[in-house]
């Protein structure tokens with residue numbers, strides 16, 4: 001071959017290869033593989049080590065729990081446990097398991113359940129053992145009966161048996177493989193089994209033929225892809241390269257809706273707020289905190305940041321949680337009142353630094369609004385944009401004055417939420433605000449031990465009122481999850497607790 | 001000394017360079033506030049759990065002790081564990097090298113093709129409309145950020161015309177020529193104007209050189225003078241410039257990999273820095289540094305081949 005014909009051949013090959021319109025890695029027409037894109041990478045497939053959104057979402061697809069929440073998470077019903085008893089004193093929970101198998105075909109026994117709970121509660125590097133502190137022991141009574149003993153009466157326990165880190169894992173496989181290897185290729189108990197995990201790229205799951213629900217799931221498999229850039233993720237949804245776009249910039253909503261995608265926000269239990277450091281001036285001053293609370297316009301901020309889909313906050317936790325106190329009024333912006341409170345506070349230099357995680361558009365937008373609104377009542381806000389890991393470190397170390405943040409609750413029971421954001425006795429010091437009110441701590445414990453709903457409701461109302469009056473955090477609004485779905489995806493919503501709890505019934509048409 | 005003796009000397013010179021880079025990276029990332037164990041275990045972890053995991057990764061030791069152990073292990077070919085993924089760094093990095101390498105080479109191949117075409121066309125028609133047009137294109141495209149260019153290409157060619165996929169890296173070569181065309185084009189659009197202006201200027205300079213005039217006076221056709229002499233004599237400055245451009249590109253793929261969602265080294269580096277995944281940052285930085293050193297080495301070799309007078 002001479003040079004000229006070689007060049008010709010090369011050019012010809014190159015133009016053939018880049019021929020547009022050939023979808024090389026398209027989904028095979030007859031297979032039902034659901035492809036999801038998410039902006040956070042999967043870090044572990046072990047339920048007890050899971051803390052991040054990506055991992056939490058994927059746990060729900062791989063592991064079954066004792067109980068299962070319905071799609072709107074309004075109630076929990078049977079899961080791996082067909083029924084359960086609670087002892088008179090509220091300290092012993094007995095669960096009766098149905099016949100079910102792991103993805104390797106081995107039976108799910110009470111021994112596996114006891115193992116999973118013991119591991120989650122007592123293993124040193126278990127990431128989220130905190131809500132399960134009252135659990136003293138988990139024991140198999142016989143092959144199908146498991147008994148939990150608590151050290152005190154603890155009503156929220158039942159709903160906790162459906163959150164992600166209580167996914168049932170096989171004792172034999174975990175012990176044989178060891179923790180690290182198991183976390184990379186787990187044997188599962190839920191609707192899908194593990195196929196492949198490429199860190200920083202994707203997790204591939206396939207239908208688990210041994211899943212305990214006859215005939216489910218409808219899907220053949222699932223691809224969970226890490227797509228870091230928000231706009232790229234939206235483009236991929238538009239181009240049909242993914243079917244579900246988890247989390248998108250709110251500004252893209254009208255465009256997605258106009259193009260026929262289901263982009264109606266899924267309801268969340270998120271509270272978006274300004275965390276304030278109660279151990280630092282000027283936030284150690286009650287009147288100053290109240291001045292801020294009256295100086296911001298929650299409705300305006302919610303409208304601007306969520307394009308109207310979010311609700312302004314009246315309490316410190318979400319209206320989606322049980323015992324949310326509907327009678328609490330929305331604190332309206334009142335410049336004169338705020339100025340009066342500020343004068344009463346006696347703070348000589350009414351200014352503070354507001355930390356914002358760089359690159360998060362909502363936070364940056366909110367910071368500007370807060371800054372402008374507080375300037376009108378005479379408070380100077382300096383916005384500092386730094387990377388999220390540094391923000392995080394400063395929160396934990398208490399080296400901050402105020403910071404924009406959000407958190408959500410896994411269940412509808414408010415105990416978790418309050419222990420997270422207002423219980424000063426906890427490891428996280430009321431979500432690092434250092435808010436510590438002995439009375440609130442006591443009321444939270446009391447409410448958790450109460451079985452009568454009416455009495456619990458009264459206690460939670462009291463707690464919410466104190467937290468709002470004392471401005472434990474500056475709760476601003478409750479946004480929804482912003483997910484985009486292709487019209488092909490049927491019966492899939494993200495519930496308030498960040499789980500696609502009906503993924504086993506989801507279909508592609 | 002033999003013209004190619006530097007081939008042997010270079011790897012030895014590389015050792016102190018890499019040592020210096022690794023020490024600086026190690027100290028810098030460790031001094032940046034933020035703790036990878038907190039990131040890994042998340043906001044809900046207890047202090048006990050955090051202390052336990054820190055000790056397991058040796059992160060409770062002083063920085064220099066940690067660096068010493070890092071070096072010791074690196075010599076044995078073990079670059080440590082990714083704290084965030086809880087797995088050895090080696091395979092994590094290796095998986096990600098191929099997409100980045102492919103992307104850079106593909107981008108360069110397109111750039112070279114465009115540059116040669118444009119520069120030759122411009123130089124051969126000096127002052128006429130083709131030349132003016134090429135110069136206009138170069139001036140107007142040189143300042144466009146690759147992030148913006150990438151998004152525009154996605155919008156136009158993927159979403160409107162549906163010619164190319166938005167994302168991805170595929171398992172086979174042919175697939176990738178298609179999948180990575182837009183990211184490579186984005187690179188080429190960034191690089192081509194720089195190279196074209198340089199090459200065109202050199203062409204013009206060489207076309208005015210005495211030897212070209214001598215050739216013309218002997219009645220040699222313009223085509224022959226250009227193809228035989230001017231072209232080859234003009235390549236050297238552009239090859240050297242290309243070395244610099246590639247060094248920038250190695251860092252610049254970070255943006256392009258994010259926009260087109262390519263699971264390469266750039267994405268890994270960003271993530272590792274944000275999560276303070278010390279050993280991954282360390283390993284990726286070393287790989288990228290090696291990439292730059294190797295590029296310079298290749299440029300040196302090409303220079304020697306192109307110009308027999310050069311000694312290194």
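Placement of Cβ uses the backbone N, Cα and C atoms for every residue, glycine included.
Here TrEMBL flags B:12-31 (among others) as transmembrane segment. A Cβ distance under 8 Å defines the sequence-distant neighbours of the transmembrane segment (B:12-31), meaning residues of its chain 6+ beyond its ends; these are 63, 66-67, 70-71, 74, 273, 276, 278, 281-282, 285-286, 289-290, 293.
According to TrEMBL, the domain 'ABC transmembrane type-1' annotation covers B:97-299.
The annotation transmembrane segment is assigned in TrEMBL to B:101-121 (among others).
What TrEMBL lists as transmembrane segment is B:133-157 (among others).
For the transmembrane segment (B:177-196), the residues of the chain that approach it from at least six positions outside its boundaries are 99, 102-104, 106-112, 114-115, 118-119, 122, 134, 137-139, 141-142, 144, 146, 149-150, 153-154, 157-158, 164-165, 168-170, 238, 241-242, 245, 249, 252-253, 256-257, 259-260, 262, judged by C-beta separation under 8 angstroms. According to TrEMBL, the feature transmembrane segment maps to B:177-196 (among others).
Sequence-distant contacts of the transmembrane segment (B:230-256) (same chain, six or more residues past either end, CB-CB distance under 8 Å): 100, 103-104, 107-108, 115, 120, 145-147, 150, 183, 186-187, 190-191, 194-195, 198-199, 202-203, 205-207, 209, 212, 262, 264-267, 269-270, 288, 291-292, 295-296, 298-299, 302-303, 306-307. According to TrEMBL, the feature transmembrane segment maps to B:230-256 (among others).
Beyond its flanks by at least six residues, the transmembrane segment (B:279-306) meets 3-4, 6-7, 10, 14, 17-18, 21-22, 25-26, 29, 70, 79-84, 89-90, 92-93, 97, 232, 235-236, 239-240, 242-243, 246-247, 250-251, 265, 268-269, 272-273, 312 of its own chain at Cβ-Cβ distances under 8 Å. The transmembrane segment annotation in TrEMBL covers B:279-306 (among others).
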